[in-house]
Amino acid sequence: MAAVAGQEPRPETLGAILRREGGGAGLSRAFKPLAQSPLSCETSLRKLKLKGKSKGLKAMRAARTAPFHLDLWFYFTLQNWVLDFGRPIAMLDSPLEWFPLNKPSVGDYFHMAYNVITPFLLLKLIERSPRTLPRSVTYVSIIIFIMGASIHLVGDSVNHRLLFSGYQHHLSVRENPIIKNLKPETLIDSFELLYYYDEYLGHCMWYIPFFLILFTYFSGCFTASKAERWMPGPALLLVAPSGLYYWYLVTEGQIFILFIFTFFAMLALVLHQKRKRLFLDSNGLFLFSSFTLTLLLVALWVAWLWNDPVLRKKYPGVIYVPEPWAFYTLHVSSRH
C-alpha cells in the first residue's frame with residue numbers, strides 16, 4: 001500500500017518481505033512470532049536476558065548455604081535432655097506430698113512443655129530449610145506429632161506412676177506381680193491397651209513425623225562451596241550430647257527400625273549428591289554426625305546386654321534393643 005501523505009512510510013515486517021519475495025511461506029510461519037512487529041526481536045531478547053538472570057539467581061541461591069543454626073540446635077538439645085530425658089527422673093525425685101499419685105507429676109508438666117516447644121522448634125527448622133515439604137504435609141505432620149506425643153503423655157504418666165506400686169518395666173504387662181492377680185481378668189486387658197497406646201501407637205504417631213521433618217531438612221543441607229564443608233567449634237561440642245540423646249530416644253522409644261531406615265536414607269542421599277559434587281554443609285554434618293554416633297552407641301548397648309536372659313525374654317525376635325528403663329528396674333532399682 002502507498003504511504004499516506006504527510007506520514008513516514010511504515011517499515012515492512014519480516015513476514016511481509018518473505019511473502020512478497022516468494023518462497024518464504026514456510027519461513028514466514030516459522031518466524032511468525034518475530035514478524036508481528038519490528039520490536040518483536042528486541043522483546044524476545046529481553047525475555048531471554050530475564051530468563052538468564054532468573055537462572056543465575058537460582059544458581060546463586062543454591063550455592064549460598066545457611067550458616068550453622070547454633071540457636072536452634074542448642075535449644076533442641078537442651079529441651080530434649082531436660083523435658084524428655086529428665087521428666088521420669090524429675091517424677092521419681094519429686095515428693096509425693098506435692099504431686100500425689102492421683103494427680104499429674106512434675107514429669108507430666110515437663111511432657112506438656114515438650115509437646116508445645118518441640119513443634120515450635122520443628123517449624124522454625126522448616127522455615128530455615130532451603131527444601132521444605134508442601135505446606136499441607138507440614139501441617140498434617142505437626143498435628144500428628146502433637147497427637148502422638150499427647151497420647152504418649154497419658155500412657156507414660158500412668159506407667160511411670162505404677163513404679164511406686166511395684167511395677168517392673170523389665171517384665172511384660174501380664175507378668176508383672178501387681179497386674180497378673182487383678183480381678184476380674186479383663187482389667188489386665190485394659191492395662192495392655194494402655195501399654196499399646198503408650199509404647200506403640202503413641203510412639204509411631206510421635207516419631208514418624210519427627211524423623212520425616214528432620215530428613216526433609218537434611219535433604220536441603222548440601223553445598224558446592226568448600227568453605228561450608230566443616231562444622232564450627234560449637235557444633236562439635238553439641239554432637240556428643242545430641243547423639244547421646246538420640247541413643248536414648250531410639251532405645252527407650254523402641255524405634256530402631258525407623259531410625260536405621262532414616263539413617264540409611266540419609267547415607268544414600270549423601271552418596272547420590274556426592275556424584276553431583278555437592279557436599280554436606282555444617283548443619284547437615286552436625287545432624288549426620290549425631291546420627292552416626294547414635295548408631296555406634298546403640299550397637300555398644302546391644303552388645304553389652306546381648307546375653308541378658310531376662311531382657312532377652314521381654315524383647316524376643318531378631319531386633320533386640322532393650323529399653324534403658326527396663327535395665328533400670330532390673331539391675332538398679334532392685335538393689336535398693
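Even glycines carry a Cβ here, placed using N, Cα and C.
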Which listed span TrEMBL calls transmembrane segment, if the choices are 138-155, 318-335: 138-155
Within-chain partners of the transmembrane segment (200-218) [C-beta distance under 8 Å, separation at least 6 from its ends]: 122, 125-126, 129, 131-133, 138, 141-142, 144-145, 147-149, 151-152, 155-156, 249, 253-255, 258-259, 262, 265-266, 269, 283-284, 287-288
